[in-house]
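A short write-up of the structure that comes next.
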Amino acid sequence: MRYAHEVGKVRAAEQALMARLPEGTLMRRAAAGLASACARLLPHVYGARVVLLVGGGDNGGDALYAGARLARRGAAVEAVLASAKAHPGGLAELRAAGGRVVNDAERALDTADLVIDGLTGIGGAGGLREPYAALARRTAHVEGVVVACDVPSGVDAGSGRVDGAAVRADFTVTFGTYKPGLLIDPGAAHCGVIELVDIGLGRDLPDPDVVSPWPEDLGVPRPEPESDKYRRGVVGVLAGSERFTGAAVLSVGGAVHGGAGMVRFASAARPVELIRQRWPEAVTTVIDPRPSALERIGRVQAWVVGPGLGTDRGAETLIEAVLRTKLPVLVDADGLTVLSRRRDLLYREAPTVLTPHAGELARLLGGGVTREEIEARRLEFVRRAATELAATVLLKGSTTLIAEEDRPVRVNPTGTPWLATAGTGDVLSGLAGALLAAGMSAIDAATAGAYLHGLAARIAAGDPIDPAPGLEAPISAYDVVTALPAAFRTLA
Ligand SMILES: NC(=O)C1=CN([C@@H]2O[C@H](COP(=O)(O)OP(=O)(O)OC[C@H]3O[C@@H](n4cnc5c(N)ncnc54)[C@H](OP(=O)(O)O)[C@@H]3O)[C@@H](O)[C@H]2O)[C@@H](O)CC1
Ligand SMILES: Nc1ncnc2c1ncn2[C@@H]1O[C@H](COP(=O)(O)OP(=O)(O)O)[C@@H](O)[C@H]1O
Ligand SMILES: [K+]
C-alpha cells in the first residue's frame, strides 16, 4: 500500500523528529532528495538552466536549498521570489553556491530546462493569491520539466481540492509520507509521477489516514484444486426491470467475469430472457416482487441489488427482502435511490456495500448536501457516509474512494476518464458482488473490484501502462466486461 497522512499528523511527526535532530536537518534531507530527483530528470546538471519558484514558507526553503545543491554541481540556478519572506537561510545558501534572485519571471521560465515549484506545500491554504497564482498559471507554458516540491502549489494537500490556479507538475517529490491530496483528484491529476523521499519520519508517523493499494495488496482469491463452483462463491444479482434491461446484462457480465462460481439472476420476464441469451451460464429465475421472492432463487453467498431495478414499491420490496438476510449485500444505482427513502434498512449485522456516485450519495446523505459539495470534498464525505450509513461506501468518480468506519480510506489507483460512460457502474456492481461472494471482506471486495474495473477500462481503452491522453480510444461499458480477464491476468 501507499500510505498518506493528514497534514496535521505530518507536522506532528516532523516536530517530534526535529526535536531529536540538529536544527535544519529535515529541510536539508528534503532538499537533498529533491535535488537528486531533479538531477536524474536532467540530461546534464552542469550547464542546465534551473528556475526556482519560491514562496514565503518552508516549501520555498526546500526549493532554495535544493537549488543550491544543483548550483554547486554547475547548474545555472535562478530564483523567482513570490514573497518578501523567502527563507533567509535558503537564500543565503543559494547565493553562496552561485545562484541568483531574478525579477523577470517570464524570461527565466521561457528558457528553463527545469522548474522547481516551491510556492506552497502543506502550508498552502485556500486558492492561491497573487503573485503565487500568476506564477502557478505560467508554469503551464514552460517547455522544461516542472517538478513540484512536496505538493503541487494550489493543490490542497489534505483533500486534493483545487480552488483556482494550481501547478500541473510532471513530477512531484514528496517528503516523509504521501499526502491525501496527492492521491485524490483533482489534486492527483496535478502531480505527474510521484516520488516519495524518506526523511526519517517513519516511527513518528501514526497509522495512515488514506491508503492506495498495489496489485499485490488486493488478495483476490484464485481457484484451487479442491475448488468447486459452490466453494468459489455464488452471487445473486437482482437487477433490471421490464423497462430497464441493459443494466442487468452489464451487472451479470461483471459478475460472470468477476470469478463467481455461479451467478444466479432473478428479475422480471424480459430481463431474464435477455440474460438467458447473453449470459447462458447464469442460472435465472423469473420473480414477482414479493417478500418471499428470494426463496425461489436458491442459495447464494452474496447479493447484488439495484442496477436497472426501478424505484417503485416492487423494487423496494426486493431490496428490503435482501437487506433482511444475513448475507453480504452490495446496493447500487436504483437500489441507492430506494435506500435514500428507506435508510432504516441499512442498520443490519451483515456487511453492506454501497456504490454511489456523488449524486446518489447526496440523495443518501440528505440534509441539503449537494453533488457539487461531495465532488469538491470527496474524502470528507465518503468518511461521513461510511459512519452515518453504517456501511462500506465506494464513492465513484474520477478518483474512486472506499471507506469503512475506523479504517483508512482506500484510494483506487486505476481508472481512466473514458470510464465516464453509461453502464460502467453496472459492471462494477456485479464484479464487486462476485468478489464478496468469493469470501472477501466488504472493504477488500470493493477495493479489488474498483481496481480491476479501472484496469479493465484502461486495457479496453488501449493503454494500460501509460494512459496518456491521445493514445486511448472511447470504450463502452461492455468493453470493460470483455477486458476483465486481461485485468485479472495482471494480478497473476
Ligand atoms: N516542517 C518541517 O519540518 C519540514 C517541512 N518541509 C517543507 O515545508 C513545507 C511546509 O512549510 P510551511 O509550513 O512553511 O508552509 P508552506 O507550504 O511553505 O506554505 C506557507 C507559505 O505559503 C504562503 N501561502 C499559503 N497559502 C497561500 C495562498 N493561498 N496563496 C498564496 N500564498 C499562500 C504563505 O504566505 P503567508 O500566509 O505567510 O502570506 C507562506 O509564505 C512542506 O510542504 C515541505 O515542503 C520539509 O522541509 C521537511 C521538513
Ligand atoms: N472522470 C472520471 N474519471 C474516471 N472514472 C470515472 C469518471 N467519471 C466516472 N468514472 C467512473 O465511471 C463509472 C460510472 O459509474 P456510474 O456513475 O454508476 O454510471 P452508470 O450508472 O451509467 O453505470 C464509475 O466506476 C466511476 O468511478
Ligand atoms: K510546491
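The first residue you see is number 1, and the count goes up from there.
Cβ coordinates come from backbone N, Cα and C, glycine included.
Here TrEMBL flags 10-207 as domain 'YjeF N-terminal'.
Remark: Asn59 (K(+) binding site) has Gly118, Leu119, Thr120, Gly121, Ile122, Gly123, Gly124, Cys149, Asp150, Val151, Ser153 as non-local neighbours, by Cβ distance under 8 Å and separation of at least 6 in sequence. Look at TrEMBL and you will find 58-62, 121-127, Tyr132, Asp150, Ala247, Gly308, His357, Asp426 tagged as (6S)-NADPHX binding site.
Within 10 Å of the C-beta atom of Asp117 (K(+) binding site) sit 31 other C-beta atoms, taking all shown protein chains into account. According to TrEMBL, the K(+) binding site annotation covers Asn59, Asp117, Ser153.
Taken from TrEMBL, the feature domain 'YjeF C-terminal' applies to 212-491.
Gly425 (AMP binding site) falls within a helical segment according to DSSP. The feature AMP binding site is assigned by TrEMBL to Lys396, Gly397, Ser398, Thr399, Thr400, Gly425.
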Tyr132 ((6S)-NADPHX binding site) -> DSSP, reduced to three states, gives helix
Of the binding-site residues Tyr132, Ser153, Ser398, which ones put their CB under 6 Å from ligand 1?
Tyr132
Filtered binding-site residues, from Asp58, Tyr132, Gly397, Thr399, whose Cβ is under 6 Å from an atom of ligand 3:
none
By Cβ count within 10 Å, point out the most packed of the binding-site residues listed: Ser153, Ser398, Thr399.
Ser153
Near ligand 2, which of the binding-site residues Asp58, Gly61, Asp117, Ile122, Ser153, Thr400 are found, taking a Cβ distance under 6 A to any of its atoms?
Thr400
